[in-house]
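Participant: The disulfide bond annotation in Swiss-Prot covers 58-73, 65-78, 72-93. Marked as signal peptide by Swiss-Prot on the basis of sequence analysis: 1-22.
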């Protein structure tokens, strides 16, 4: 009789602990889900904009580029080479020249 009570007590204890943990886990996951939804609604647009505004891979100075789709970095422009590279017949990325506006 005494061993049956100990076994029954152990089973009830194990069930109580597992059910209690399941309730805590479900509460944590529901709270986590709510926080993720709130974060997505608040910062979703901002993250999307910052991802798209990031500069993609680009070509630097003296790298061949396509005239129609240059692919040069912001501070460079796609120009036909003058001087030593004119015989290659392709365009290259060169640093943009500072243009002074006369007043």
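Cβ atoms here come from the backbone N, Cα and C positions, even for glycine.
Given the structure is predicted, the values throughout are model-derived calculations rather than measurements.
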Participant: Return the residues near residue 78 (disulfide bond), defined as same-chain residues 6+ apart in sequence whose C-beta is under 8 angstroms from its C-beta, sorted by sequence, else 'none'.
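Facilitator: Counting only residues 6 or more apart in sequence, the Cβ neighbours of residue 78 (disulfide bond) under 8 Å are 65, 66, 67, 70, 71, 72, 91, 92, 93.
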Participant: Within 10 Å of the Cβ of residue 65 (disulfide bond), how many other Cβ atoms are there?
Facilitator: 20
Participant: Sorted by position, what residues of the same chain at least six away from residue 58 (disulfide bond) have a C-beta under 8 A from it?
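Facilitator: The answer is 71, 72, 73, 74, 76.
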Participant: Of 72, 73, 93, the disulfide-bonded residues given in the record, which has the fewest other CB atoms within 10 A of its CB?
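Facilitator: Result for the disulfide-bonded residues 72, 73, 93: minimum number of other Cβ atoms within 10 Å at 73.
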Participant: Need the DSSP three-state call for residue 73 (disulfide bond) to compare against my parser.
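Facilitator: Its secondary structure by DSSP: coil.
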Participant: Check residue 65 (disulfide bond) against DSSP and tell me helix, strand or coil, would you?
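Facilitator: It is in a strand.
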